[in-house]
Amino acid sequence: MRDEPLVLGIETSCDETGVGIVRGHTLLADALASSVDQHARFGGVVPEVASRAHLEALVPTMQRALDEAGVTLADVDAIAVTSGPGLAGALLVGVAAAKGYALAAEKPIYGVNHLAAHVAVDTLEHGPLPEPAVAMLVSGGHSSLLLVDDLTAGVTPLGATIDDAAGEAFDKVARLLGLGFPGGPIIDRSAREGDPGSIAFPRGLTAPKDLVAHRFDFSFSGLKTAVARWVESRERAGEPVPVADVSASFQEAVCDVLTAKAIDACRSNGVGTLVIGGGVAANSRLRVLAEERAAKHGITVRVPRPGLCTDNGAMVAALGSHLVAAGVAPSRLDLPADSAMRLTEVSVPG
Amino acid sequence: MLVLALDTATPASTAALVEVTADGLTGVAERRTVDPRAHGEKLAPEIAAVLADAGHRPRDLAAIVAGLGPGPFTGLRVGLATAASMGQALGIPTYGVCSLDALGRAAGPGRVLIATDARRREVYFATYLDGERVTGPEVAKPGDVAALLRASVDRAAGEGALKYGDVFAVPVEEHLLYPPGAALVAFAADRIRQGAPGEVLTPLYLRRPDAVEPSGRKPVLT
Ligand SMILES: [Zn+2]
């Protein structure tokens, strides 16, 4: 389908430098460079380290993406770039580079919303998204429930974390247990050997009174503290810490709350499709529990493969392609990097 | 040969077009915005504007010269990311030049201190004799720079020199605060004429990232 738009996407909102190329809904290239190893000893992403790494990685990552897709910048119909939300200095590297590419190759540029891109990426695997849909985005940087009425125009936030992001909770608990960074995959692995019902950790914002004001919001800070208390009491008593059981019980608490609220959001909005994105979407227990609970209510769950759930350039290209196809006007060359970009803005208006 | 010069190592975002000939160079157009927080927004439109001013298109460019700093990191990276991406898209070489050198050259003959604002009450600085760098670039407190220099310079330029003028106690060239595009290009002119291979644009950071490794776990039980 030659007449579908060829769109290039650039992502630098956190610690992954991504360049993706799509034609319509078809993924042609997805090149990625990660600075995750440079952050490991700090137990979390250091913004300045991430920004430096983006600047070093951008040109080579772009070259790999172009080579993989077998196209040149001259062939591209539009360039999309994550404008926000994310780390300000990191975003700015990608936005500046995208402007350089757009200017030099004389192509339109779209500054797009990172969270909307996490939703759009699913179209690369599962085709056009039925609207309305509910999206749950869970990663080290975000934990949100969104109502997607029209991905070209705007997304309605239903709820978000009021403290730590879900992925952040995984990182902190992994560190507490001495398991390493990033925490998500490590806890997932450790949990497989443990009993998820062995320790009753709290489910944040699920008490009846919380459901009034925070029905679709999340809180993981109390859970993290509860895990820390539990582990510390064990240590003080001179007893061994059952790492696998703690991992499994913690993971169960997170996944229980996430899926319960996501299904509730679908049902209360009369929505039959739930899209899950973000790094935590790769969690094996989350996927199983979401499927199980959705099936009971006739809700379809769509989760892109793990490589597309975490931050990447393909998601940005996918959203850009969607905007081009819908005839949305491109952004201007003075588009900002907006670390607090709101969800009501899918792309920076021209 | 038409050359684009970019610098974002100071509060100024500068884009300039310079014509490099066999025996010299001529400024064609220059745009500058002074706003320490707006490099990301201002630079690209400035590039588009200088090209339009001169009736050129991006494909007319033969090379790009970018100021490598030192300068506040976030803004500095805007210029280098833009230069690198344009160079890649156009398939033309990119060359890096110390941003302070452009000021040092523009300051002309004599013994000159170039200082720019490094924030945190420090300056990036280097010293020049007749436009050639003698010491630096380094980052230090203005008082320490003054003590180090004693009376080895006669004048100072750059917005850091203006800000801490009373500390340096030498006359400040108030008209010369930001790196001029043509002076940046001058440092790469020979390489441009010879068609020398371009280089990866690596910022002169001079400071490590602020990052602390976490200490042991804090107890939550009291
Ligand atoms: Zn993300």
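Using N, Cα and C of the backbone, Cβ positions are placed for all residues, glycine too.
If you look up TrEMBL, you'll see A:27-317 marked as domain 'Gcp-like'.
Positions annotated as Fe cation binding site by TrEMBL: A:H114, A:H118, A:D311. A:H114 (Fe cation binding site) has a Cβ environment of 26 other Cβ atoms inside 10 Å. In the three-state DSSP reading, A:H114 (Fe cation binding site) counts as helix.
As annotated by TrEMBL, substrate binding site applies to A:L137, A:V138, A:S139, A:G140, A:G141, A:D171, A:G184, A:D188, A:N283. According to DSSP, A:G141 (substrate binding site) sits in a coil region rather than a helix or strand.
With a cut-off of under 6 Å between the Cβ and any atom of ligand 1, the binding-site residues A:L137, A:S139, A:G184, A:D311 reduce to A:S139, A:D311. In the three-state DSSP reading, A:D311 (Fe cation binding site) counts as coil. Sorted by the number of other CB atoms within 10 A, the binding-site residues A:G141, A:G184 start with A:G141, the lowest. Close to the recorded Fe cation site, the chain also has A:E11, A:S13, A:T82, A:G86, A:L115, A:A117, A:L137, A:S139, A:H142, A:G277, A:G278, A:N312, A:M315, A:V316: residues not among A:H114, A:H118, A:D311 whose Cβ is within 8 Å of the site's Cβ mean position.
Long-range Cβ neighbours of A:D311 (Fe cation binding site) (same chain, at least 6 residues apart, Cβ-Cβ under 8 Å): A:E11, A:S13, A:C14, A:D15, A:E16, A:G18, A:H114, A:S139, A:G279. Taking CA atoms as the reference points, A:L137 (substrate binding site) and A:H118 (Fe cation binding site) are 7 Å apart.
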